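S.K.: Pulled from TrEMBL, these are the listed features:
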BINDING   Asn43, His48  oxalate binding site
BINDING   His46, His48, His92  Mn(2+) binding site
DOMAIN    2-145  domain 'Cupin type-1'
Amino acid sequence: MRGIFQKPVDKCTTTKATKAEFPVLNGQGVSLAVLQFPPGSVNPPHYHSRATGLFLLLEGVLEVGFVDTKDVLYTQRLKAGDIFLFPKGLQHYQYNYDHNKKAVGVAALGSASPGTVSLPSSIFNSGISELVLAKSFKTDVKTIKRIKTATTTP
């Protein structure tokens with residue numbers, strides 16, 4: 001983790017300490033992630049299949065939210081010092097709604113291997129047929145192709 005704040009980031013950047021990066025965590029049931037949000041950036045909808053997350057905002061402001069199993073959205077606007085819980089397996093996001101200042105947060109996760117699944121990537125870059133996606137989202141293949149291009153662009 002040393003040095004992660006020394007270079008500026010141009011998109012939401014997550015620096016992880018899971019058992020993959022820090023093997024001593026194997027069997028300990030915990031991991032950590034530091035998230036840096038440039039002004040106006042988003043950590044897209046995702047979920048952790050094996051961990052609940054406890055998020056602490058250290059700097060800036062964020063809108064955070066998760067969707068429960070009945071498709072109810074719960075959101076909150078956080079300021080530095082606020083915490084928020086992301087339940088295991090539920091879709092959630094973080095958005096820096098301040099277009100002038102960065103935000104920084106830390107997520108403590110209840111697994112050494114939390115299993116992050118990014119929804120844009122898992123849906124649009126998985127090989128699911130464009131026709132199936134178009135029908136599923138009630139749109140056309142041209143729109144799906146535009147979304148796929150946008151989700152694969154760095």
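The backbone N, Cα and C atoms fix where each Cβ goes, glycine too.
Unlike curated entries, TrEMBL annotations are predicted automatically.
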S.K.: I'd like to know which of the binding-site residues His46, His48 has the most other Cβ atoms within 10 Å of its Cβ.
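M.R.: The largest 10 Å Cβ neighbour count belongs to His48.
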S.K.: Limited to the domain 'Cupin type-1' (2-145), I'd like the whole-number average of pLDDT.
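M.R.: Taking every residue of the domain 'Cupin type-1' (2-145) together, the mean pLDDT is 96.
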S.K.: Tell me which residues of the chain lie with their Cβ under 8 angstroms from that of Asn43 (oxalate binding site), as long as they are six or more apart in sequence?
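M.R.: When sequence neighbours closer than 6 are ignored, Asn43 (oxalate binding site) has Cys12, Thr14, Leu35, Phe37, Tyr93, Gln94, Tyr95 within Cβ distance under 8 Å.
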